[in-house]
Amino acid sequence: MPSTPAPSIGRGIRGSRVLSGLFAGAMSGTLVATFSITLAALIFSGNLTKYLPAGIGMALAGSAIIGAIVAVGSSYRAVIAAPQENTAVVLALVASAIGSRITAKGGDPFPTIVAVVSLSALVTGGLFLVLGGLRLGTLVRFIPYPVVGGFLAGTGWLLFTGSISVMAGTEFSLASLPLLLRTDAIVNWVPGLTLGIFLTILLRRYHHFLLLPGLLVFAIAMFYLVVYAAGGSVGEALDRGMLLGPFPSGALWPPMSPAAAIHIDWAEIGSNAGNLLAITMLATISILLNASGLEIATEREIDLDRELRATGIANLAAGLGFGMVGYLSLSESTLNHKAGAESRIAGIISACICGAALFFGAQVFSYFPKPVLGGLLVFLGAGFLLETLYDSWFRLPRVEYGLVVIILVVIAWIGFLPGIGVGIVVSSVLFAVNYSRIDVIKRQAIGADVRSNVERSAGDELTLEERGKELYILQLQGYIFFGTSYTLLKRVHSRMLSDDPAPTRYVLLDFRHVDGIDSSAVLSFVRMRKLAESNGVTLVLTDLPSAVRKQLERGGFADGSKRVRFFPDLDHGLEWVENEVLRAAPPSMLPPTKLVDELENVFRTREFVSGFLEYLERVEAPAGYQIYRQGDVSKDLYLIESGELTAWLELDGGKTKRLRTMGPGTVVGESGLYLGARRSATVVTLCPTILYRLSIDSLERMTREAPHLAASFHQFVACLLAERMVLATGASKTLFN
């Protein structure tokens, strides 16, 4: 039957995936174990070299525990997690400082160093769990890239100098340079430096996933070939310190017995609390950056919060098991992806290899060449330095690039925590300076250009056209803080003092696009109110977010002043100003508004007006009377003799929005009547109003009986609609609404 091959095909596919997972896991496990040794050698170098076997045990324990738990709990199946160089660099600084101080007092620093390693994993794991539980995985998006770049550059520098210390057996510093440049020392670190540079150049050009492990195997083989070709032996290489060993026989874990805990110097740990905080911060930044990078490399979405939770549990377990801090490894996880691994087998196999090395690999690690180990550290450090100093030169603005360099110098000269602090402070200052250059004023206009949705008579329109220049309108945007509020204050004050194009009596500030304000901005608005009072100007504030209004009220902005007005939106603010302008206008500028006068402009003679009025029905409506409702059938239109109507748009959720308000001499309902459409809004009287109703039957009768009147009225309605279209779509009106 045609369906019989399906099971064998399915088994073949699953078998292929299993083989890919086993192969990728074996390869990743070998690399992780090698990197673990490298990181341990970085931390336990110089005077701490005698503790290196236990250090390797802690690194491998972290790799095994964290690798296994994250492999099971991660949102990406083929993930590899292990201790990373970013945090190992800071651990190396802490271990070196603790070792020097406790040794100087005649004590044994090792129990304290073990406690620091475990404590850093526990604290980091706890923070990861909290961040993941609160779904703050996107936190890394808020860290400026120059700060992250500075961290990575500092990590690269410390990896590079640490590699010299590992290979030469002497701490890298200005004081130790004469020792490092001696012939017998150069032989120890120059080959590793050369290997690291070679790896860096080659792997920046070629990216095959087998290249790095193949080169490491080749480098180890070449090391022993050179030793034997020179007539040397493994014993001589051990004696000259060119190999990691010799190590004591037996397992590498646990690093110390419970009884040794009484020798932990908690005061020393407390004095390094800042560096422990730096480890936690670096781990948090790094895991989120690595996860984001893995998303790009694999083109798959990764749940950052799930990664934090899984890695948090893994680090808590590692801390209890004397393991180092660890998290998702971008390079090994990408390696698994390229090798075709699609299951959790790869991560589990990798963790098992590290576990086997932890309990059975001590003697094998004794023969690992230090130049190869140092070359690997040079390669890691050079990668960070090239990415942040060379590649960033072509990508970053010069100011941001300068910040990366400053952070690098501070980290190299003083330490990681001061470097982090300097980076955050300088970034904050740069942000404030750059943000203050963004104009807080989105748009500006005068009252003659932007009008409310109140439809007024021709006389009122003429008055507002003439005296609308007394209103200065500013639409604000963004977050108003000390850097932008002063600029706004100067702009408004300058306008108050100017008579061009007319003396300013009103300043309208629209806050619709404002996100918030700070306390300095509140003080600037208080000063603006005092300037308004002294210059006879009224401040009109519209569309304030509730939080902003509360801030202003707490800061004493309004303080009972008659020169401050608040309105829910721009339209109501404009209406209030227009009413004030009309109320204050000289009588000569306010021609009487009568419906008969308006109609005379349409029909030319009083006789024609009288004839037209015969087709209308007089309606006297009290305040709050509903002329028609949104959705009703359009059967008539209304001409306003006196009073006011307002049109409301009914929105979802029982909300309403005012479309326009109409006064004497205007028409309402013409669009629905002429289009034959249902009412698009609800119209209600605001006060006792006298209307004239023209029904569709009366309009048809007028068309038959007095076509000249009907034609004039049709022309009037066409002009009215055109004027409303121009008003609604005018440049300033469109921009502000």
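A Cβ is built for glycine as well, from the same backbone N, Cα and C atoms used for every other residue.
Taken from TrEMBL, the feature domain 'STAS' applies to 473-577. Sequence annotations record features per position, and here TrEMBL assigns domain 'Cyclic nucleotide-binding' to 612-702. What TrEMBL records for 21-45, 51-74, 86-104, 110-131, 143-166, 186-203, 210-230, 276-298, 310-330, 345-365, 372-390, 402-433 is transmembrane segment.
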Check: Of the stretches 51-74, 86-104, 143-166, 372-390, 402-433, which racks up the most C-beta pairs under 8 Å with the transmembrane segment (310-330)?
Finding: 51-74
Checklist line | Of 51-74, 86-104, 110-131, 210-230, 276-298, whichever stretch has the most CB pairs under 8 A to the transmembrane segment (143-166) | finding: 86-104
Next item on the list: Determine which recorded stretch among 21-45, 110-131, 186-203, 210-230, 402-433 has the most C-beta pairs below 8 angstroms with the transmembrane segment (276-298).
Entry: 110-131
Next item on the list: State the residues, same chain only, that lie 6 or more residues beyond the ends of the transmembrane segment (21-45) and have a CB under 8 A from a CB inside it; answer 'none' if no residue qualifies.
Entry: 51-52, 54-56, 58-60, 62-63, 67, 78, 80, 82-85, 88-89, 91-92, 95-96, 159, 162-163, 165-166, 169, 171, 210, 212-213, 216, 244, 324, 329, 332, 335-336, 339-354, 357, 361, 365, 368, 370, 373, 376-377, 380
Checklist line | Non-local residues, at least 6 beyond the ends, that sit with Cβ under 8 Å of the transmembrane segment (210-230) | finding: 27, 30-31, 34, 195, 199, 202-203, 236-237, 242, 368-369, 371-372, 375-376
Item checked: Positions on the same chain near the transmembrane segment (51-74), where near means CB under 8 A and six or more residues out -> 32-33, 36-37, 39-41, 43-44, 80-83, 110, 113-114, 117, 121, 244, 247-248, 251-256, 306-307, 309-311, 313-315, 317-318, 321-328, 344, 346-348, 350-352, 354-355, 357-358, 361-362, 365
Next item on the list: Report the listed stretch (86-104, 110-131, 186-203, 345-365) having the maximum count of Cβ pairs within less than 8 Å of the transmembrane segment (402-433).
Entry: 86-104
Note to self: Within the same chain, where does the transmembrane segment (186-203) have neighbours whose Cβ lies under 8 angstroms from its own Cβ atoms, ignoring anything closer than 6 residues to its ends? I mean 6 or more beyond.
What the structure shows: 163-164, 167-169, 180, 211-212, 215, 219, 240-242, 370-379, 381-383, 386
Checklist line | Contacting positions for the transmembrane segment (86-104) when only residues 6+ beyond its ends and CB under 8 Å are counted | finding: 39, 42-48, 112-113, 116-117, 120, 124, 151-152, 154-155, 158-159, 162, 171, 265, 268-269, 272, 275-276, 278-279, 282-283, 286, 324-325, 415-416
Check: How does the model score the domain 'STAS' (473-577) in terms of mean pLDDT?
Finding: 91
Next item on the list: Just give the helix, strand and coil counts over the domain 'STAS' (473-577), going by DSSP.
Entry: 50 helix, 29 strand, 26 coil
